[in-house]
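Listed in Swiss-Prot for this protein:
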- LYS25, ARG69, GLU111, TYR124, GLN192, PRO193, TRP194, PRO195, PHE196, PRO197, GLN198, SER199, ALA241: substrate binding site (BINDING)
- CYS98, CYS101, CYS116, CYS119: Zn(2+) binding site (BINDING)
- 125-248: domain 'Nudix hydrolase' (DOMAIN)
- ALA158, GLU178, GLU219: divalent metal cation 1 binding site (BINDING)
- 159-180: motif 'Nudix box' (MOTIF)
- GLU174, GLU178, GLU219: divalent metal cation 3 binding site (BINDING)
- GLU174: divalent metal cation 2 binding site (BINDING)
Amino acid sequence: MDRIIEKLDHGWWVVSHEQKLWLPKGELPYGEAANFDLVGQRALQIGEWQGEPVWLIQQQRRHDMGSVRQVIDLDVGLFLLAGRGVQLAEFYRSHKYCGYCGHEMYPSKTEWAMLCSHCRERYYPQIAPCIIVAIRRDDSILLAQHTRHRNGVHTVLAGFVEVGETLEQAVAREVMEESGIKVKNLRYVTSQPWPFPQSLMTAFMADYDSGDIVIDPKELLEANWYRYDNLPLLPVPGTVARRLIEDTVALCRAEYE
């Protein structure tokens, strides 16, 4: 339940608008509300981090509005809470009116939801399930440079799950569409909320089965097999992609060293 922030309120401050995050001095604000001119703002507590409250304030600031990607090097728990705040702020902003009857909506006091004041329809934040998979062939891992990542970073393959599709089917389809190969021995590893914009990454490892690499140029700039001890530039630590790569490297080391 939201409330008006007072002078002595303190904690972590997620100030967000239109999927942007307020980052004074490039950092997520922490401390007393008065230090950040937040007294009098309406805020919603969205969690706790190390015993301190994490507050969401839906507001556009004139300066220092950036991407949640800029705080990806925070502790994972705090980064995920910042991502939750950005996603909730966008959810509340985009659900002011009911999509069925057009009447004004209001936030639920008991859950992350918006309620219609007229037809009683209930809306929840949209979450887009995605798969991400590390594919191993002997002592090598398949890594690709995506068209949206023109910074030299190579990563594993990923994509959105389609309507009526299982996670396993999504892995097989995405891998075939993007790289032209087939995989086998699919194993679930972990999951990670990913606020770009509202994804839930489900991570897998798999073994190469058959086929030659034929990339989809709309998705990839290039893809290739890289030996575990001679890898290109990788995603930053803390991402599920980096974990999958490191787990695959560990398997290769155990077998080939």
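Every residue, even glycine, has its Cβ placed from backbone N, Cα and C.
Known features from Swiss-Prot, placed on the structure.
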residue	record	contacts (Cβ under 8 Å, 6+ apart)
CYS98	Zn(2+) binding site	GLU104, MET105, CYS116, HIS118, CYS119, GLU121, TYR123
GLU111	substrate binding site	TYR124
ALA158	divalent metal cation 1 binding site	CYS130, ILE131, ILE132, VAL133, GLU174, MET201, ALA241
GLU178	divalent metal cation 1 binding site	ALA144, LEU157, GLY159, ILE215, ASP216, GLU219, LEU220, ALA223
TRP194	substrate binding site	GLY83, CYS130, LEU200, MET201, VAL240
PHE196	substrate binding site	VAL68, ARG69
GLN198	substrate binding site	GLN87, GLU90, PRO125, GLN126, ILE127, ALA128
Residues satisfying Cβ distance under 8 Å from CYS101 (Zn(2+) binding site), sequence separation of at least 6: CYS116, HIS118, CYS119, GLU121
Where CYS119 (Zn(2+) binding site) falls in three-state DSSP terms: coil
Sparsest Cβ surroundings (other CB atoms within 10 Å) among the binding-site residues CYS116, CYS119, GLU174, GLU219, ALA241: CYS119
Cβ-Cβ distance under 8 Å to LYS25 (substrate binding site), same chain, at least six residues away: ASP64
CB within-chain contacts under 8 A for GLN192 (substrate binding site), separation at least 6: LEU80, LEU200, MET201, ALA203, THR239, VAL240
Environment of CYS98, CYS101, CYS116, CYS119, the listed Zn(2+) site - residues of the same chain whose CB lies within 8 A of the CB centroid: GLY99, TYR100, GLY102, HIS103, MET105, SER117, HIS118, ARG120, GLU121
Predicted model, mean pLDDT over the motif 'Nudix box' (159-180): 97
